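What TrEMBL says about this protein:
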DOMAIN    79-325  domain 'ABC transporter'
TRANSMEM  421-443  transmembrane segment
TRANSMEM  455-475  transmembrane segment
TRANSMEM  495-519  transmembrane segment
TRANSMEM  531-553  transmembrane segment
TRANSMEM  559-582  transmembrane segment
TRANSMEM  649-673  transmembrane segment
Amino acid sequence: RWGGGTPDARTGSGGGGGAGWSLGRIFPWASAWQRRAPAGVDGRGPAGFDGVEVAPRTAAVAPAPARWAGTDEDPGVFLTWEDVCVMVAGAAYGAQPVSILSGITGHAGPGEVLAIMGPSGCGKTTLLDTLAGRLGPGITETGSILINGRREKLAFGTSAYVTQDSVLMSTMSVREAIYYSAQLQLPGTMPAAEKRAHADAVIREMGLGDAMDTRIGGRMTKGISGGQRKRVTICVEMLTRPRLLFLDEPTSGLDSAASYHVMSHIARVAAREGMTVVAAVHQPCGDVFDLFHRLCLLAYGRTIFFGPASGATQFFTESGFPCPPLRNPSDHFLRTINKDFDEEIVESSKARRKTAAEAIEILTDAYQSPAYSEKTMDRIAEMKGIGGAPFRKREQASFSTKLFVLTRRSFVNMHRDIGYYWMRLGVYLGIGICLGTIFYQVGHSYSSIQARCEVIMYTTALLTFMAIGGFPSFVEDVKVFRRERLSGHYGVAEFVISNTLSATPYLAVIAVIPGAMLYYLTGLTKGPDRFAYFVVNLCMCTLLVESMMMIIAVIVPDFLMGIIVGAGVQGVMMLNGGFFRLPNELPKPVWKYPCYYISFHKYAVQGFYKNEFIGQTFPSDQLVEKNVTISGLRVLQEKLQVEMGYSKWVNIAILCGMMVLYRVMFFAIVKIAEEVRPKLRGMRCKLCK
């Protein structure tokens, strides 16, 4: 038997419940796509039918994941939206806003899978982002979006969003990615063994059992396929069994069989646990389309059809666009309303045939008739009156648990990513050998004063400048952080602290090994205390530069532009750090006040100078005065113009304070963006009204 759905999609072996052969049994879409809606959702359908026909009892089915206290008490989600309009600012200054969505109305209820379909660029993802409250800056939204009849911000664990792009840590295996996410999302009171069992069950539900120990892979290494990455992302978001699940292109990159099994599992979970699912789907196969309870069909920002998925074919037929036999209805719908190729249709068609633009006008007018649009409005009015208790934030792991898990995950990621620190360590070793051999044993002559200053300058400039080498890897971490932060897995403070704790050991290794080679090859002032200061100062500089690059990463998320901006900022700081131009010779406007005092090179170089010259004596220039020695203190005050009013350890403290300040600035930028963005959107919405 072929067609008519895979065996686990139909009850029994007959596929249709009737005897004899028929075309509809082979191609279910050839017989008006009759389906049954779940009882209790819209008042139709036999009692006990949950909207998805499950496998026979004899089939091997993965056990349902464990549930924890509090999930059963959450109310179901009745999501409604009326007259939703979305506009984006024009590309040119003063240009009129561009409309993306216009007057979209619809609803979704517990146990339902609502599919948002339409041609590319019709506004599917924009509608999904609008319903989920994830619109970006510069986008204006109007209309009414209600949850259980009221405006409500969903608490953690009650909603989840699976993005179109699978943003995951490439160095983690599938098992590790899900395990770490489970430890972050699931309650701290849940035993670790139960969390692992729950994660394993979710992994197997998505058909990833054979890939559990395979690394996800990314730009450096090959890993799992794109379809498997999509399923891992779905696993991460379904760990908490949210009441409202948004899916953006969940079948992208999947073959028809994988698409069907993934969507059938999601439909079963939705029916079993009363989950409301809203999915933006590009072009599903026949079996996947048969799983949808409702269909929202868009065309260039306008509603073509909203209602039961089984009624879409009849709607098109009544409007004069019948679905040909043996054709997938979703293919027919999109072919009818995609006007990107209207010119080709007009040129190639021998008979007069309606263009997609004409079809869109006809279908839009047909949907506005009372037979369709009023049913939608009546159901919305019914859902708004349901009410229910407000959502409560589900229990999460404690702050200390999140901090420990994030630190451990980040440490493992940095260890496995060769581009994060190991390649930089190799470059540092190379630079250390080059500097050490070029300035080999500078000695204690008068000319060694200049040589020591040059070694310190190159150490401060080159070794800290190379800290931007890990920026691409850090940008990937920030992308993961943004996704997990939007989903409420953890806060900004946990990310900042865990990143600092996990990076410090690697930076210490980078500072100690190349620093020791450089220090003893060049013959700088000997002594364990002086070497310890040299290493601490170098380590603090690299930490500070990484903190500065964190700010750049959150402002300029593109890694190529970020490297350019970071290099430019460091270049400006080097110029007024007090080496290329002595402090008293710097132009006072801008370059000395304030640039000289906010450049970390000033404090790093002066700390190195104090560590190197205090307590030393050097012979004077024999051409100027013979048999005279110069103290290191005199070199610092007269030749290098170093501020001697405080200890070299104060320079370390200032660098440490700047590092903390940069990380606090990163924290503040993220928090302000989270708080200001909704307010700005609300102000724009009021202005539009």
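Note that the numbers count up from 1, one per residue, in the order the chain is shown.
Each Cβ is built from the backbone N, Cα and C atoms, and glycine gets one as well.
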Contact set of the transmembrane segment (495-519) with the rest of its chain, CB cutoff 8 A exclusive, min separation 6+ beyond the ends, reads 403, 406-408, 410-411, 414, 420-421, 424-425, 428-429, 431-433, 435-436, 455, 459, 463, 477, 481, 485, 531, 534-536, 538-539, 542-543, 546, 550, 663, 666-667
In the same chain, who gets a Cβ under 8 Å from the transmembrane segment (421-443) while lying at least 6 residues past its ends? 414, 451-452, 454-455, 458-459, 462-463, 466-467, 469-470, 506-507, 509-510, 513-515, 517-518, 520-524
With CB pairs under 8 Å as the measure, which of the listed stretches 455-475, 531-553, 649-673 comes out on top against the transmembrane segment (559-582)? 455-475
Sequence-remote contacts (6 or more beyond its ends) of the transmembrane segment (455-475), Cβ cut-off under 8 Å? 219, 414, 417, 419-421, 423-424, 427-428, 431, 435, 439, 442, 514, 518, 522, 524, 538, 541-542, 544-546, 549-550, 552-553, 557-559, 562-563, 566-567, 570, 574, 577, 579, 601, 604-605, 608-609, 612
How does the model score the domain 'ABC transporter' (79-325) in terms of mean pLDDT? 88
